[in-house]
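A.B. asks: Please read through the structure below; I'll follow up with questions.
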């Protein structure tokens, strides 16, 4: 091609001398030795103290950490539920204890409250009944009940009498209506019979031309 110099050789895109060696020189050998050690530090860490006191404090710290994790108010990150549940997780024991707070040591604002329904207004009937004089003695109560029963029986008897009178009046009106209907029906039947008799008695005398205008009795045609 016209852009390339020569055939079969590619031109370098950078200066080789800038890398540190000239043309024809060999590349440096690969170093297979470990790197040099980290230089010595001026400030070294303090050595750990050993003894019974230190071991006791370490054990106490671990126990405190475990007890804090077992408390019910310790927030744990929720585990992602896998599609396939492991058999071992099904029977794992939960070591958390149920925390029953002592509300004497905590403020009242933190205590949860259950919503209670407010009692509605009392019915008016109960108030009206309470306004009357209370009947304390049993004798007064019995007398009051007897009076009410007598009043109820009297009212019932009056109502029954009124119903009987109303039924009698209705029966009388019904009989009158039936009589009127029967009379009208008889008059209607008499009128029908008269009309039928008139049709039967409609005859012609001798010598009258019966059906003169009709075409059926004509022997010859008239022009």
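The backbone N, Cα and C atoms fix where each Cβ goes, and this holds for glycine too.
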A.B. asks: Consult Swiss-Prot and report the residue, out of 157, 167, annotated as phosphoserine.
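C.D. replies: Among 157, 167, the one Swiss-Prot marks as phosphoserine is 157.
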A.B. asks: Among 77, 133, can you tell me which residue Swiss-Prot lists with the annotation phosphothreonine?
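C.D. replies: Record says 133.
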A.B. asks: Taking DSSP states H, G and I as helix and E and B as strand, how many residues of the compositional bias 'Basic and acidic residues' (140-155) are helix, strand and coil?
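C.D. replies: Residue counts for the compositional bias 'Basic and acidic residues' (140-155) by secondary structure: 16 helix, 0 strand, 0 coil.
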